[in-house]
Amino acid sequence: MSKLIIGNWKMNVGVRESLALARAVLLGMRGKTFAPDVVVCPPSVALTEVRKAVAHSRIGLGAQNLFFEDVGAYTGEISGRMLAEIGCGYVIVGHSERRNLFGETDEIVKNKVLAALRHRLIPIVCVGENEEERKCGEAEKVVERQLRMALDGVRFSPHGCVIAYEPVWAIGTGNAGNPADVVRIHTTIWRILSELMERTLVDSVRIVYGGSINSGNSYAFLREQAIDGLLVGGASVKISQWSEILHTATQVIESQQ
Ligand code: PGA
């Protein structure tokens with residue numbers, strides 16, 4: 001399977017900068033036979049413009065969040081139905097910034113996963129332990145709880161799902177995880193998924209890693225078979241960093257042909 005590189009632009013760029021970034025991403029992928037699968041997640045106000053820019057390309061479009069109801073009096077919220085209407089294919093769900101800053105519980109995350117799937121959006125479900133939980137040796141336990149809760153009652157269809165393992169202590173800190181530890185957690189995630197869904201569906205799920213990925217450390221993660229790709233935050237809005245990460249992914253894919 002090819003590697004999947006997701007750029008989470010967060011609230012770091014406006015519409016004009018998003019468009020410029022999207023064009024640069026397009027340019028960087030031109031003419032590449034073994035390019036990785038790429039998904040860009042601009043802020044919601046830029047989704048429509050970025051959609052126009054990446055239409056007819058292989059670049060996927062993702063939103064950074066959605067609300068779990070489809071329609072109603074929910075001031076300020078954006079539904080899966082709306083995201084599908086404007087051409088999104090993916091949506092990030094349960095990012096730790098949403099969990100910690102906006103009070104998203106495991107229950108809310110599950111409802112958002114269900115809402116995404118209702119509208120044929122591929123959910124990028126984020127899980128990961130915080131610093132304290134890591135110190136107590138509870139990383140696997142936390143990831144297992146979050147995953148089981150997020151996927152509870154979810155009926156999967158073959159159009160897919162992405163699980164992003166993002167330890168909270170690694171996000172935006174410059175301290176990326178150790179690839180060997182990440183592989184261990186990814187293997188745990190794979191085992192849990194195997195209990196929750198049929199084998200053929202498990203094989204269609206991509207398990208990616210996120211947390212302080214940059215051009216210097218991306219190879220150490222991408223070369224691992226158990227790591228299907230990366231969710232990149234800060235480095236995804238720095239075009240030279242991003243291009244190098246894509247280049248590294250391309251080299252890894254070529255070497256595995
Ligand atoms: P970071 O963010 O790459 O800036 O650590 C990753 C994320 O939050 O998805």
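Quick reminder: no glycine exception, Cβ is built from N, Cα and C everywhere.
According to TrEMBL, the substrate binding site annotation covers Asn8, Trp9, Lys10, Gly172, Ser212, Gly233, Gly234. Sequence annotations record features per position, and here TrEMBL assigns active site, electrophile to His95. Under the heading active site, proton acceptor, TrEMBL lists Glu166.
For ligand 1, the nearby binding-site residues are Asn8; that is, of Asn8, Trp9, Lys10, these have a C-beta under 6 Å from one of its atoms. Rounded to a whole value, the Cα-Cα separation of Lys10 (substrate binding site) and the residue listed as 'active site, electrophile' is 11 Å. Residues Asn8, Trp9, Lys10, Gly172, Ser212, Gly233, Gly234 are the ones the record ties to substrate, and the longest Cα gap between any two of them is 14 Å. All chains included, 27 other C-beta atoms sit within 10 angstroms of the C-beta of the residue listed as 'active site, electrophile'. Residue pair Gly233 (substrate binding site) / the residue listed as 'active site, electrophile' shows a Cα separation of 11 Å.
Cβ neighbour counts within 10 Å, taken over all protein chains shown, single out Asn8 as the most crowded of the binding-site residues Asn8, Ser212. Same-chain residues at least 6 positions away in sequence with a Cβ under 8 Å from that of Gly234 (substrate binding site) are, in sequence order, Asn12, Gly172, Ser212, Asn214. Of all the recorded positions given, namely Asn8, Trp9, His95, those whose Cα is no farther than the 10 Å limit from the Cα of the residue listed as 'active site, proton acceptor' are His95. Neighbour counts of Cβ atoms within 10 Å were taken for the recorded positions Glu166, Gly233; the minimum is at Gly233. Long-range Cβ contacts of Trp9 (substrate binding site) within its own chain (separation 6+, distance under 8 Å): Ser18, Leu21, Val40, Cys41, Pro42, Pro43, Gln64, Ser236, Val237. In the shown protein chains, 14 other C-beta atoms lie within 10 A of the C-beta of Gly172 (substrate binding site). In this structure, the CA atom of Asn8 (substrate binding site) is 10 Å away from the CA atom of the residue listed as 'active site, electrophile'. Using a 10 Å Cβ-Cβ cutoff, Lys10 (substrate binding site) registers 18 neighbours.
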